[in-house]
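Read the structure below first, then the notes.
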Amino acid sequence: LGWLIRFISHSVISGFTTASAIVIGLSQAKYFLGYEIDRSSEIVPIIKSIISGADKFSWPPFVMGSIILAILQTMKHLGKSRKHLKFLRAMGPLTAVILGTSSAKIYHPSSITLVGDIPQGLPSFSIPKGFKHAKSLISTTLVITGVAILESVGIAKALAAKNGYELDSNQELFGLGAANVLGSFFSAYPTTGSFSRSAVNHENGAKTGLAGVITGIVMCCALLFLTPVFEYIPLHLEELLLGMLTMGPLQCALAAIVISAVISLVDYEEAIFLWRVGKKDFLLWIITAITTLFFGIEIGVLIGVGFSLAFVIHESANPHIAVLGRLPGTTVYRNIQQYPEAYTYNGIVIVRIDSPIYFANTSYIKDRLREYEIVVDKLTRRGPQVGRIYFVVLEMSLSYKKNVAFDSPAAVTYIDTGAVQALKELHHEYKSRHIQIAISNPNRNVLLMLSKSGVVELIGKEWYFVRVHDAVQVCLQHVESIKEDHMASGSDSSPEETESSLFKSLLKQRGEDSSVAELESGTNNKPSDLKHSDPLLEPLLLQKS
């Protein structure tokens with residue numbers, strides 16, 4: 001299921017980690033303040049609880065936690081800014097534990113809760129004796145699995161982005177699955193990637209999974225031989241170091257370690273960057289951050305992913321469509337909005353669709369093509385003077401030419417049966433208005449789909465070209481013929497009758513259709529019989545002799 005993670009955008013990850021860091025930091029406040037705060041993944045209940053319990057504030061844990069937090073931040077700063085002191089960064093949490101434990105052992109402050117007695121030894125191995133509860137647990141299991149995937153890969157992607165490496169989502173999920181399957185034989189809790197502990201690991205310089213192996217070995221040794229030592233650790237420190245195994249309440253120095261670690265994950269700089277560069281991504285960041293703060297981590301991630309998918313669907317259903325013009329002095333055609341110097345031709349509109357064509361975007365594409373019949377005609381500057389559009393050239397790929405500047409859109413890599421039907425409807429609509437479609441350089445899969453569905457036969461194989469320039473040159477010759485025939489017809493017939501008879505003669509002039517077996521050839525030795533034909537203007541689909 002790793003492919004699902006591709007839909008979690010960087011904006012969602014950044015907003016999620018920022019909001020989660022704030023919530024986790026505030027959740028540690030109870031160990032500084034000396035009184036209980038409601039356990040919640042939402043910011044509002046936490047703040048209400050902090051305010052309502054202010055009369056229970058205790059100075060000793062606040063002073064100890066603040067001192068330890070200041071020491072941690074100082075050691076982190078020195079470790080990052082001075083290479084010869086980088087060892088201080090990893091020593092920070094250990095220093096916090098030693099200071100907290102020593103203070104509790106020497107002064108015995110009554111207001112600071114200690115860990116107390118920890119059961120010695122490892123959990124025992126056991127095999128399930130039955131599955132009578134499995135049915136009732138299925139729904140809960142699915143929810144836990146979904147949250148585990150989103151949260152675990154979310155923090156993993158955030159750390160991958162910070163450290164410049166690629167994340168293998170499938171491998172990440174495989175690791176989580178293996179951990180849960182093996183842990184289940186020791187009555188372990190469901191395991192996910194921990195946000196706070198991952199942040200601490202990252203802040204202290206861990207680079208590979210070996211850090212987790214070493215941590216596991218140390219934890220096993222601690223449970224077997226060192227549990228009496230942890231009796232005097234102030235509970236806020238133990239939350240980080242032993243929380244995975246003891247599952248007990250931990251308090252003031254460990255909270256300092258957690259807060260110190262998650263501070264670096266508050267990514268406000270990314271929000272400023274997104275506001276400056278991409279408003280849509282900034283909106284996604286804000287939505288994810290706010291929903292995570294006010295509705296919890298799980299809901300926040302789900303809503304963020306939902307909006308990501310909505311944006312993807314919107315972009316896919318409303319693809320970028322460019323009108324192309326010819327760059328002066330070249331046979332290269334580019335977006336006229338990106339290259340204002342590019343010019344178009346009277347009677348011809350060249351359109352490039354920068355996405356696959358499928359059922360969801362066919363209506364949008366057809367609407368835009370109808371608009372271009374009217375709007376683009378005002379932009380024409382070259383070619384025979386005619387009153388309207390007679391040819392629509394659909395460019396289905398981008399040809400790169402050496403030493404020529406270009407934009408970089410996607411090609412039409414795929415069409416479905418909905419797109420086939422839309423092309424048929426468009427052809428009939430254009431035919432009724434005496435407009436001919438020409439198609440330039442479709443890829444193999446698209447061409448085969450058009451052939452199998454009968455669109456190639458419907459439009460005519462002679463109207464498929466290897467290059468846009470070839471299509472334009474052929475269309476220009478026909479436009480010139482249209483102009484000459486209009487002038488020759490005089491007032492003997494109506495414009496509609498003239499256009500109708502002219503188009504019939506043009507289609508006949510382009511030749512008869514060839515067989516489907518010649519679709520991919522492109523190497524006929526017999527050029528078309530078009531008047532003034534250029535041997536370079538080869539149609540993509542060859543005609544029968």
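Cβ atoms here come from the backbone N, Cα and C positions, even for glycine.
Annotated transmembrane segment per TrEMBL: 7-26, 57-75, 137-160, 172-189, 209-233, 240-263, 283-313, in sequence order. Annotated domain 'STAS' per TrEMBL: 338-475, in sequence order. Here TrEMBL flags 486-545 as region 'Disordered'.
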State the residues, same chain only, that lie 6 or more residues beyond the ends of the transmembrane segment (7-26) and have a CB under 8 A from a CB inside it; answer 'none' if no residue qualifies.
41-43, 46-47, 50, 150, 153-155, 157-158, 161, 195-196, 199, 258-259, 262-263, 265-268, 270-271, 274, 281-282, 284-290, 292-293, 297, 300-301, 304-305, 307-309, 311-312
Beyond the flanks of the transmembrane segment (283-313) by 6 or more, those residues with Cβ under 8 Å of it
7-9, 11-12, 14-16, 18-20, 22-23, 40-44, 147, 150-151, 154, 195, 270-271, 274, 360
What residues elsewhere in the chain lie close to the transmembrane segment (137-160), defined as a C-beta under 8 angstroms and at least 6 residues from its ends?
1, 4-5, 8, 10, 12-14, 16-17, 20, 166-167, 169, 172-173, 176, 190-195, 198-199, 202, 265, 297-298, 301-302, 305
Helix, strand and coil residue totals from DSSP for the domain 'STAS' (338-475) stand at 59 helix, 23 strand, 56 coil
